[in-house]
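Comments concern the structure below.
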Amino acid sequence: MAVKVRPSRCSLTRVCGLAEVGCSGADMGKRTRLIRPYNLTGGNNASSGKHALAQCAQVEPLFPTHKTEALSKMDGFLDSVKFRNETIGRMAGAIQVPSQSYDDLGPVGEDKRWDTMYDFAAYLEKTFPLIHSKLGLEHVNTHGLLYTWQGSDESLKPTVLMAHQDVVPVAESTVEQWTYPPFSGHYDGRYVWGRGASDCKNNLIGIMESVELLLDAGFEPKRTLIMSFGFDEESSGREGAGHLAPFLLERYGKNGVAAIVDEGAGVVDAFGSVFATPGVGEKGYIDVEVIVRMPGGHSSIPPPHNGIGVMSEFITTVEANRYEPYFYDENPFLGLLECGAVHAPEFPPTWKKLLQSNKIDKLATEVAKSSDAFKYLFTTSVAVDIIGGGVKVNALPERTTAIINHRVNVGDHPSTVKAKLTKLASSIADKYNLTLHAFTDEEEIPRSITLRTEHDLDSAPVTPTNVDTITPYSILSGTTRGLYGDAMIMAPGIMTGNTDTRYYWDLTTHIFRYVPGWDKDDAVGLGNIHTVDERVSVVGHINNVKWYSAFVRNMDEAELA
């Protein structure tokens with residue numbers, strides 16, 4: 001299989017590749033501005049001392065070349081009314097299983113709330129009989145589902161398709177706000193409604209639909225295909241993906257997988273063009289618990305500042321010292337802007353000039369002004385999400401707590417967050433004569449401020465996006481443009497949240513967080529994920545199935561570099 005690269009019509013010379021920049025030891029936390037080294041001929045522009053605007057080369061639309069009468073019939077069937085009706089029913093049935101996961105779930109096998117996953121697994125077995133009769137199925141940590149379609153050529157690294165079975169809980173207080181009941185799977189003629197419709201039972205059912213159809217068409221893969229479905233992504237993924245990934249790592253080894261596709265970013269309208277933006281990176285993560293201990297007593301004789309007052313001052317200080325927007329060189333969003341500058345007719349001229357003149361710090365400031373949605377793709381976010389203190393109206397609070405969530409900028413590290421919070425807390429502790437315990441194992445004591453975290457996560461390694469050879473990104477790009485046409489612009493995307501792929505980093509450098517199904521007439525976008533009236537466009541869902549079936553075949557034919 002040859003993947004053709006169609007250069008831009010402009011005279012710029014660099015491909016939209018992303019340099020991977022690593023930091024360690026004393027270099028951690030320092031800002032780096034490195035010139036991206038990739039170009040179409042493999043040369044290096046680093047010596048120029050100037051940021052050349054990327055070419056953002058686009059691959060030609062890619063279609064499977066191995067065809068049979070049965071596979072051709074399958075492709076036609078995907079456009080039929082019969083398939084549309086059938087897949088609507090299967091999506092609705094999946095939504096009707098309320099596979100909610102909660103932050104306070106107990107151990108698997110002990111907390112009965114996990115048992116809904118048995119119901120979902122049974123639904124899949126009933127709904128996709130060919131998969132369950134012809135593929136291997138292993139249950140990992142009880143509810144993790146690992147399907148293996150063994151390929152004929154064991155020298156080829158497997159492709160992994162991921163999704164999660166669980167959904168965000170529906171708060172009882174919001175049920176009446178839904179247009180249709182949240183677990184009804186109602187179809188209104190355009191959308192299937194319900195919790196999980198767009199996060200991410202659409203992906204899971206889309207994957208299963210495509211594989212079931214390929215089996216029915218007699219497709220026999222050379223490259224092994226793995227479907228890995230966790231069951232607690234919405235509450236950390238530790239029990240699901242946290243067990244599935246090590247299981248696969250033991251079987252296939254480090255970098256033993258060709259590519260991984262999980263839920264993530266999708267297709268967006270921007271700057272007068274349409275961009276498909278598979279997530280090739282994820283921001284880091286750290287939650288910090290803050291505990292203020294101060295003397296109690298009767299509220300009729302209060303001190304000038306009690307624990308709640310001191311906590312309030314600390315939170316105000318944190319919010320007054322937010323992180324500045326900053327483009328580390330490896331941030332994929334910079335690549336998306338470069339693609340916009342080359343391909344999008346309405347790309348802001350000021351931004352384009354700043355890119356061309358290598359004024360990246362100024363660019364960060366200007367782009368951040370345009371919207372918070374853009375700003376937090378290259379800025380560490382800070383949000384105080386939980387607070388508590390006091391037990392009685394006439395008693396001074398002795399222990400006040402808050403949890404501050406941070407999504408750490410790509411290129412930065414949780415250690416930067418810890419250092420900044422320590423400095424801010426130190427000023428408050430000094431002001432009120434409190435002892436500061438910052439990220440130590442020391443016990444809480446009276447008259448103290450304690451900062452602690454249970455775990456943190458660095459930003460994900462950035463997936464390579466070069467297309468000058470046959471790469472997983474070029475196959476993904478070609479498959480997308482094959483489905484939607486060459487007006488679709490491929491550009492690297494970034495996730496502000498974290499997916500189950502956080503556990504899979506050792507399996508491959510080629511990880512994509514991507515929802516390939518798109519409906520050009522759908523204004524809902526992400527489908528109201530995590531909120532009232534979640535739904536998925538049926539057109540977008542069917543395109544999901546089309547994309548997965550083509551991607552599996554294209555990867556099967558690819559001679560990867």
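Using the three backbone atoms N, Cα and C, a Cβ is placed for every residue, glycine included.
For HIS164, ASP199, ASP262, the entry in TrEMBL reads Zn(2+) 2 binding site. Around ASP199 (Zn(2+) 2 binding site), a 10 Å sphere centred on its CB holds 24 further CB atoms from the protein chains shown.
For ASP166, the entry in TrEMBL reads active site.
Annotation comment: TrEMBL describes ASP199, GLU234, HIS530 as Zn(2+) 1 binding site. Counting Cβ atoms from all protein chains shown, HIS530 (Zn(2+) 1 binding site) has 13 others lying within 10 Å of its own Cβ.
Summarising the annotation, TrEMBL assigns active site, proton acceptor to GLU233. For GLU233 (active site, proton acceptor), the Cβ neighbour count at a 10 Å cut-off comes to 29, with all displayed protein chains included.
Look at TrEMBL and you will find 280-432 tagged as domain 'Peptidase M20 dimerisation'.
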When you rank ASP166, ASP199, ASP262, HIS530 by Cα distance to GLU233 (active site, proton acceptor), which of the recorded positions ends up on top as the closest?
ASP166
If one measures from the C-alpha of HIS530 (Zn(2+) 1 binding site) to the C-alpha of ASP166 (active site), what distance in angstrom results, rounded to a whole number?
12
Candidate with sparsest Cβ neighbourhood (10 Å radius) among ASP166, GLU234, ASP262, the listed recorded positions:
GLU234
How many Å separate the Cα atoms of GLU234 (Zn(2+) 1 binding site) and ASP166 (active site)?
7
